[in-house]
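For reference, the structure is listed below as C-alpha cells.
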Amino acid sequence: MSAVLDRRVEAAAGPASWRAVLGLEIAKTAAQGRIQALVALCAVVPGVVVVGLSLQSTLPTDTVFGRWIPASGWAGALVVLAFCGTWMLPLLTAVVAGDAFAQEDRLGTWRHLLLAVRSRRRIFGAKVAIAAATLLMLVVLIAVSSVVGGLLSVGPHPLVGLDGTVLTSHAVAVRVLAAWVSVLPATAAFAAIGVLGAVLAGRSPLGLLAPVVVGLGLQLLQLAPLPAVVRLALPSAGFLAWRGLFTAPAQTAVPIAGALVATIWTVVLLAIARHCFVRTETVLGEPVGAARAGLVAAAVAALVGGGAGVLAATTPAAGSGIHRAPLEASLAESFAHLYRRQSAELGRPDVAEADLRARASCDRGGPRGVDDGPGHDWRCVVRWRLPGVATIGRAIYQLDVAPDGRYVADGDGPTDVNGYFLVRTDLGDAPNPLWQVDGLVDLLAAPTKG
Amino acid sequence: MGDAVRVRAVRMVFDDVLALDAVDLDVAGGRVHGVLGPNGAGKTTLLGLLLGLLAPRSGSVEVLGVPVVRGAVLPAGVAGFLDAPGLYPGLTARANLMAVARLAGAGGAAGSRVADALSRVGLAEVADDRVRGFSLGMRQRLGLAGALVTEPRLVILDEPANGLDPQGRRLVQAVLEDLAADGAAVVVSSHRMDDLADWCDEATVLAAGRAVFSGPLAKLAAECGPLEHRVVVAEPQRARAIAETLPGLTVLPSPRTAPDTVVVRGETAAIEEFAAAVVGAGAGLRSLAPVVSPLEAAFVRLTGGEEA
C-alpha cells in the first residue's frame, strides 16, 4: 500500500491523540519498578561514590581526572562521567530504550496498544520520546549527584586540565556541564541501537542481548588501534570526546565530530527502526528476516564507511591520529604548565610557561620502532631552560598513550623533578604535579606540528 | 441497521498453512455473533482481522464501513481483545481504564466512564489496586470494562469468560446484552457452547479455515442430526427391547456404571415415540435427556467430531 494511502486512511480513521499516547507511556514508565530503582540509584550512587573516593588515600589515577579528586570537587563528576561513558551509559541506554518496546512484548500488550492507539507511527514516536526523556532524566541525575557529592566533600576548587592549565572553578563548572551535555548525542545513538534491537527481535534472546552485545562491542572497538577517522565514525566516540574540552584552547574538533556522528547514527537507526515497526504486520518479535538484517548491515557499513570517509576528507587526520610531533607538543605544554604549578607549591620564583621554552623529544620502541600510534612504550625527554640560567633542565617520562588520544606520562627522573609522588611545601606534603602528567592528543590534528 | 462487519471471500495463509479460506461473515449492529471452531480452525485469525491486527491476503474485510488493509488503522469505535485483555500490571485498574478512555478520545468524560465501567463489571472496590495482583477472572472483567469505556460500535471478544465463575459469566452476558441493546455489534468466541447459547443471536462455525455454518443459533441447533439420549428406567432390559423394535432408533451400549440407563440415538420424533412406548409398557420412565446439547452435537457434526 502506498504511503499516501496509508496517511489518508489514518487521517480518516483518527488515531488517538498524541497527548493521550504520551500520557500512557509516561504512566507505564513511571509505574515500572526497574525504572524507579534506576532513578534512585542514579540519584544516590554517583554522589556516594565521589564522596567515598575523596576520602580514600588511594586514588583512581588510571581514570582521567582521578588523581585530582582530593584537589577539586569538580573532578569527581568527571571521573563518574568517564566511567559512565565507558561502560555504564552505553549499556543502560540500550537496555532502557529497548525495554520501552520489549515490555509490550513481555506483557502481551501489543495488540491492545495497537487497537487503542490506532497508529503505529504515534506508538513509535511516543515510545522513543518517553525513552529519551527517561534517559535524559537518568543522565541529569547522575551528573547532579556526582557534582553535588564532589562539591560537598571537597569544594569548588580550580582543576588542572589535560594540558596542565589550571582552570578556575567557574571555567570548570562550564566545562563539566558541557562535558555531560556532549555525551547526550552518543547516549541517543545507543538508545537507537536498543530501540532497533527491540523492534527487530522483541523480547527474544536476540532482542535482549543484541543491544548489550553491540554496545560492548562498540566500546571494545574504542580500545582497539583503529584509524582515527574510523574510531570517530563510531557512535561510542561521543562518550570520550568531552576530554578535549579540558585543554586550553579546547580541542573542539573531536567533540563536534563525535556529536555529529552520533546524531547521524541516531537518525539513521531510528529511521530504520520506525520503518520496520510500521511495516510489521502484527506484533514484534517476528523473525528478523534476511531483508531486514541486510538493511541494518548495509546501514551500519554506510555509517562507518561514510563517516570515516567524510572525516578523512574534511580533517587533516591520518592513521591512528597519534603521531610524534603532536605528542611532543602536548607533553611539552603540559610540562610547562605543571612546572609552574610545582614552582608555586615549592615557593620558587614564578616563571611564565613561554619563558621556560619547554621542548619534548619522544621515541617509541627504541631506534627501530616507528614513532607513531598508541602504546605504553613511548619514552620522552623534556628539556627546558629557566630565564637567566645556562643549564638546560631535563626530565624523562614513560608514556602510556591510549588509542583515544589520552596519555599518562609517568616521571622517570630526575627525582627532584618528577621522582616522588609528594613534594614538601610550606603547608606540608602536597601531590607532585610533575610526578604523573595527564595529557590528550588531538586525534584530528595534522601529523606534523607547525 | 447496517453491517458493522462485512467479510467477503477472505483467505489467509501463514507459512504454507491455510488459516482461512473463502470465509464470509456479516454482523449487524445490535447483534451478538458467536465464532466457534476447534483449535486451529481459524478463529483467532478471523478475530485478528476484525481488530485490524492482520490484513487479508485476498478477499475483503470491512469494519464499520472502513476496509481493513495493510498499513491502515481501524476507525474509532472498535474495541475488544484477542487471547487475553491487554493490561499493564504496574498500573491500577482505574489507571488502565483511564488510559484506554483517553486514547479513545473520552476527554473530560473519561473519569465518569471509567467509574461506570468498573461498577458494571463489579470491580469498583478494587479500582485503585494494581492489576499485578488481579486473578485471571478479574483481568477478564477489567478487559470487558476496557471495551465499555470506549463506547464502542463494534466489540470483538476472544474467550471473554475464560477464568470466570458462574457469576462472572452472567455478568458477561449482561454486558453483552447491554452493548447490543445500545446498538453495538458484538463478535465473541468461546469454547463453551452453553455460554454461546446464552449470549449469541447467531454464530459462525469454522472448521479447518472454512465457514461450515453461519446463521441463527436455532438453525445451528437444527443441524445436530440424530441426537443421543440417556433414558433412565426402572426396567432397562424391557426398555432396551422396546427400543430395538422401533424404526429410526439405534440402541447404544449403556454406561458400565449406570445399569438402569438405556442410551439411544435418533431423531426427535423417534425419541418421543420411544418415551411413549416405555411409559405405555410400564417400564418406569424416570428421566430422559440428551447426552450433549443440540448445539454441541451440531458443532461436533459440522466440525468432524473435534472439540471446540
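Just so it is clear, glycine is given a Cβ too, placed from its N, Cα and C backbone atoms.
Listed as Cβ neighbours of the transmembrane segment (A:37-55) (distance under 8 Å, sequence separation of 6 or more from its ends, same chain) are residues 66, 69-70, 73, 76-77, 79-80, 92, 96, 137-138, 141-146, 148-150, 152-154. What TrEMBL records for A:37-55 (among others) is transmembrane segment.
Look at TrEMBL and you will find A:75-102 (among others) tagged as transmembrane segment. Outside the transmembrane segment (A:75-102), and at least 6 residues removed from its termini, the chain residues within Cβ reach (under 8 Å) are 25, 29, 34-35, 38, 46, 49-51, 53-54, 60, 63-66, 68-69, 127-128, 130-132, 134-135, 138-139, 142-143, 146-147, 149-150, 153-154, 159, 176, 179-180, 183, 186-187, 190-195, 197-199, 202-203, 207-208, 211-212, 214-216, 218-219, 236, 239-240, 242, 246, 277, 284.
Sequence-distant neighbours of the transmembrane segment (A:123-152) (same chain, 6+ residues past either end, Cβ-Cβ under 8 Å): 18, 21-22, 24-26, 29, 35, 38-39, 42-51, 54, 69, 72-77, 79-81, 84, 89, 92-93, 96-97, 100-101, 113-114, 117, 176, 180, 183-184, 187-188, 191, 195, 270, 273-274, 277-278. Here TrEMBL flags A:123-152 (among others) as transmembrane segment.
What TrEMBL records for A:172-201 (among others) is transmembrane segment. With a cut-off of 8 Å between Cβ atoms, the residues of this chain six or more beyond the transmembrane segment (A:172-201) that come close are 72, 74, 77-78, 81, 84-85, 89-90, 93-102, 105, 127-128, 131-132, 135-136, 139-140, 143, 147, 156, 158-159, 207, 210-211, 214-215, 218, 235-239, 241-242, 245-246, 250, 255, 258-260, 262-263, 265-266, 269-270, 272-273, 276-277, 280, 284-285, 288, 292, 296.
According to TrEMBL, the feature transmembrane segment maps to A:208-230 (among others).
If you look up TrEMBL, you'll see A:250-272 (among others) marked as transmembrane segment.
Taken from TrEMBL, the feature transmembrane segment covers A:293-313 (among others). Non-local neighbours of the transmembrane segment (A:293-313) in the same chain are 196, 200, 227-230, 232-234, 257, 261, 264-265, 268-269, 272, 444; each lies 6+ residues outside the stretch with a CB under 8 Å from one of its CB atoms.
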